[in-house]
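Below is one structure, written out as structure tokens, with a few remarks after it.
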Amino acid sequence: MLTVAHISKNFGTLHALKDVSFDVHDGEIMGLIGQNGAGKSTTFHSILNFLKFDGAITWNGQALTAEDYNQIGYLPEERSLMPKLTITQQIVYLARLKNQPAKVIKPKVNDWMQRFAVKGQPTDKISKLSKGNQQKVQLICTLIHDPQLIILDEPFSGLDPVNSDLLKQAILAAKKRGAAIIFSSHDMSNVEEVCDSLVMLRNGEVVLKGKINDVRNQFGRTRLFLTTDWTADQLAALPNVAAVNALGDHRYRLQLTDAEAGPAIFDAVTAGHYIQEFSQQPPTLDEIFRTEAGGLDHE
Amino acid sequence: MNKTWIVTSETYLRQTKSWSFLLLVLMPFLFIGMTFGISYVATPNKSKSDIAVVSTNSALRTSFIKQSGVATTKKYANTSAAQKATNRSDINGYIVLKATGKQVSATFNGPNEINSGDQAKIQRFLATAQTQLNVQQAKLTPTQQQALAIQPKFKQQLQKKTASDKAAKTISFYILVFFVYLILTTYSSITAQEIAAEKGTKIMEVIFSSTTPRKYFNGKVYGVLLMIVTQLLVYLLGGALVVQFAQHSRITAGLWQQYASVIGKVLHNLLSINLLFALAAVLLYTVVSAFCGALVTRVEDAGKASQPVIYLNLLTFVMAMAFQGSPSSGVVTVFSYIPFFSSYLMPLRLINGTATMTEAVISMIILLATVVGSMWYIGKIYGGLMLQTDELGFWGNLKRGLSLK
């Protein structure tokens, strides 16, 4: 288990991290979300000991040692490989730095290339690969040594839906074998789909933290989706309805001021008759991100 | 496996497998080979440089061919055949040997004057033959013959500062200074560009998530050092082969014998503590070059990274050249203890005998301590420098890098 306890980091007068704390358990996937400059990469750099910081970061209750770094798989935000090496040379070199013998890693290269559908031969130079394939090779470098702690900084950035699915499968497979996984993302659908928990940072501070559903539910079930013959004006006139969005084909999304108003609205709209849809939900992560993180701004 | 060693071997293998390294190492041999090749083509072939010997006295002719030491051919035994061969330029000319009555004589016939070395050999042979003839003519007793056989003795007592000694010092100095200058410039450039390029590709975050910046930095420096050692070993091995070839090749054997003393002294000056000064200098410049490379933030600026070190090397080189004629100067004495300068100036003093071995060892200790100190300090700040990728200029990059770790 990774424990980040009360870490703070300043760059001159800039407070990059302020008293950030969270845990990531074995077999858990945690999403670290926040706007640009919120402190996500600084948090990762602190875990990896790239920076001096105040506070404590421990792995299974102990400060991280050189041996522990062999169990880490890290994918940085800016993709980078050594263009003069071949795919095999690159993967084996980085794996050897994780104390993995070349004879163990080499036979795995082909299998991993197939798993990520890398187009090319193991003997191809990195410089000859497309950007997408280079990104997949970097993911292989991150995961091939079966790390126990996986840190992925914007792993879905630049991947098409097919390759995003391949990555999700790899992440879920790592979770299944008990790895603790943290990844940052701007795409809340990926976070919602894959993560067990999340931490949201704003200006270096934790503003939200917890299991995905708990976080959503703490905002209340104030989103109501319904399909009815009523008009938007009729719906807006109902008590505790703050806003109505027409979604087309008699489908509406209502913003409630009070989640408890749901049964009364149900009674009013159905009047004892069948309606096709009545679904009261908490806000989506995307909506929470927009309100809590202060706006969506892609890096 | 030790991670420093993994980085060392990766750096070493990647660089030594490159064409640029192969060319760098093989270039001197290619030049030497080309020089020999051109000399070989330009020098007339053996039979063309030979001299035919013609004589009615077959014993005298055989004796000349065997004992004179002049390059001769037995092919043409009479004047007519020798003259025709000379006209066809098959041979350099021919000598007509005569032993008429009481005198031995030789006449050279050819288009060009015979060279001075061969003239001396012919004179020596004729003198010996004439002496033998004189002894026979004089009908001397064995005692008289023994008395006449006594030769004068000639011995050379060479002073310390002879001309050849001075030439050896000058040659040693130039070879050493140019070698050190070239090797420092080359490896400073390789190191700085390699580090800057790595920093530019941002791979460092991945690497530093696996090993410490210090181990990585040390591995890089050791890798470059291994390259230099490889280059030196190739030069030493190749040099030994060239020496063997030069000693036995007909093109160079004469020159080699003539300058054997100077060559021996030059080799002694080069293969001594001076070589250690060169190696330690390369190590120091490599460390500082890595530091300069780490301050660059873009791959495109990799070429600029090595400039400060290259200018420093140029400064020390110019200083060594300027003080070449005055190795006992106070400035040379002081700077021969200062790292960066000592690699040029202490060898200059040693070659000229103005420094003792104790002084050289002290200078070497200071140089090695600086190398170790630099490696320790730069290894400490290396991580911060390499992870600082904002474009803030030289001092800004340095300041930001220092603040990270």
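Note that Cβ sites are derived from N, Cα and C of the backbone, with glycine treated the same way.
Residues or ranges marked as domain 'ABC-2 type transporter transmembrane' in TrEMBL: B:19-376.
The annotation transmembrane segment is assigned in TrEMBL to B:21-42 (among others). Distant neighbours of the transmembrane segment (B:21-42): 15, 186, 227, 230-231, 234-235, 238, 242, 245, 249, 251-252; these residues of the same chain sit at least 6 beyond its ends, with a Cβ under 8 Å from one of its Cβ atoms.
Marked as transmembrane segment by TrEMBL: B:171-190 (among others). Long-range neighbours of the transmembrane segment (B:171-190) within the same chain, counting only residues 6 or more positions beyond its ends whose Cβ lies under 8 Å from a Cβ of the stretch, are 15, 24, 224, 227-228, 231, 262, 265-266, 269-270, 274, 277-278, 281-282, 285-286, 288-289, 306, 309-310, 313, 317, 320-321, 324, 343-344, 347-348, 351-352.
Same-chain neighbours of the transmembrane segment (B:221-246): 4, 7-12, 15-16, 21, 24-25, 28-29, 32, 36, 183, 187, 190-191, 252-253, 255-256, 275, 279, 282-283, 286-287, 290, 375, counting only residues six or more beyond its ends whose CB sits under 8 Å from a CB of the stretch. TrEMBL lists B:221-246 (among others) with the feature transmembrane segment.
If you look up TrEMBL, you'll see B:275-297 (among others) marked as transmembrane segment.
TrEMBL lists B:309-340 (among others) with the feature transmembrane segment.
Annotated transmembrane segment per TrEMBL: B:360-378 (among others), in sequence order. Here the transmembrane segment (B:360-378) has long-range neighbours at 217-218, 221, 273, 276-277, 280-281, 283-284, 287-288, 290-291, 294, 336-339, 342-343, 346, 349-350, meaning same-chain residues at least 6 beyond its ends whose C-beta is under 8 angstroms from one of its own.
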